[in-house]
Amino acid sequence: MPHQQILMLFGLLPVATNISTWWNFGSMLLTCSALQIMTGFFLSMHYTANINLAFSSIVHVVRDVPHGWMMQNLHAIGASMFFICVYIHVARGLYYGSYLNKETWLSGTTLLIMLMATAFFGYVLPWGQMSFWAATVITNLLTAIPYLGTTMTTWLWGGFAINDPTLTRFFALHFILPFGIISLSSLHIMLLHAEGSSNPLGTNSDIDKIPFHPYHTYKDLFMISSMIMIMLLTISFIPDIFNDPENFSKANPLVTPQHIKPEWYFLFAYGILRSIPNKLGGALALAMSITILLTVPFTHTANTRSMTFRPFMQLMFWTLVTTFMIITWTATKPVEPPYTMISQVTSSLYFMFFMSNPIVGWLENKIMKTQL
């Protein structure tokens, strides 16, 4: 009986007929989340949060634990897939004006910040060379905060340098934060269904809706199956495509890698950080690169919701996507010309999108009135 009620609930859930494939990434994110929690749980059974044993425990999982190589690779590749889906999900929200559902957008941005924190803590856990140095560089940014910076850094490290207490608390945080993500995801979905999802036209779709099941459930299942297939193919043939070669060596505090860089999904924020020569300025720009998303619902001035009918904003949006990719690329390069200049120009363009959003909206309204 409860099973029938759940099916009936999905069957009665009205959804716009014209929502495209870009709306499937929410369910894909939910799948990624479930997969990460399951693989993470099994990996935590074999992991040892100790600076002398952490690296060896990962090697033990991959070599000795039955199907451990699959769990470890699923967890690592799953994180990359998670962020690919997240960035597409955010881009869809920006393009189609989903941010006008303010509560859903603000909870989603908070989710993104929590996800990035969780991924950062997880990257430190293998205690490889790049894990150690990336953690040192990023956590050291806290010292840029006036008055409180040094105290906060010492508190986070659990001492005067990154050591055993740091790894222990990072493991604890990496384990507990996903449960916070699940809770906030539930709130995110509830807030979304209070108003209902938007559609590519940005219009009210009350007059033309279909049941969620079977139409959108099968569509979701197809996209989820495709995503899992891509992940399994990656794990089978190119499992180390996203790994840094430096991270296959155990952490050595006495040897600094030639280029310190985090995982690829943080490179755009890291590129913005590096483009500013001042430490405090760089730390603020790093924080702003994500938190600026919180301003979008409050700077929308256009009469139309979606960018489907807004050619100027379409140009701005695709410029944003291009700058995102260029910043990611420059962050992998050494801090020298021409990369520093490219990084500074693209970082300026990145923030320009959010600052010019209200002006472009106002201009479009003026043009529309003139045409009428």
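Using N, Cα and C of the backbone, Cβ positions are placed for all residues, glycine too.
Annotation comment: Swiss-Prot describes His75, His174 as heme b b562 binding site, evidence class similarity to another entry. Under the heading heme b b566 binding site, Swiss-Prot lists His89, His188, citing similarity to another entry as support. Per Swiss-Prot, ubiquinone binding site is recorded for His193, and the stated evidence type is similarity to another entry. Per Swiss-Prot, the feature transmembrane segment maps to 25-45, 69-90, 105-125, 170-190, 218-238, 280-300, 312-332, 339-358.
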In chain order, residues whose C-beta lies under 8 angstroms from the C-beta of His174 (heme b b562 binding site), counting only those at least six residues away in the same chain, are Gly40, Thr118, Phe121, Gly122, Leu125
Which of His75, His89, His188, His193, the listed binding-site residues, has fewest other Cβ atoms within 10 Å
His193
Any chance you could find the range in 25-45, 170-190, 280-300, 312-332 with the most Cβ pairs under 8 Å to the transmembrane segment (105-125)?
170-190
Please give the sequence-distant neighbours of the transmembrane segment (69-90): residues at least 6 beyond its ends with Cβ less than 8 Å from one of its Cβ atoms.
22, 25-26, 28-29, 32-33, 35-36, 39-40, 42-43, 58, 61-63, 108, 112, 115, 119, 122, 227, 230-231, 234-235, 239, 242-243, 263-265, 293, 324
Maximum Cβ pairs under 8 Å to the transmembrane segment (280-300) among 170-190, 218-238, 312-332, 339-358 is reached by 339-358
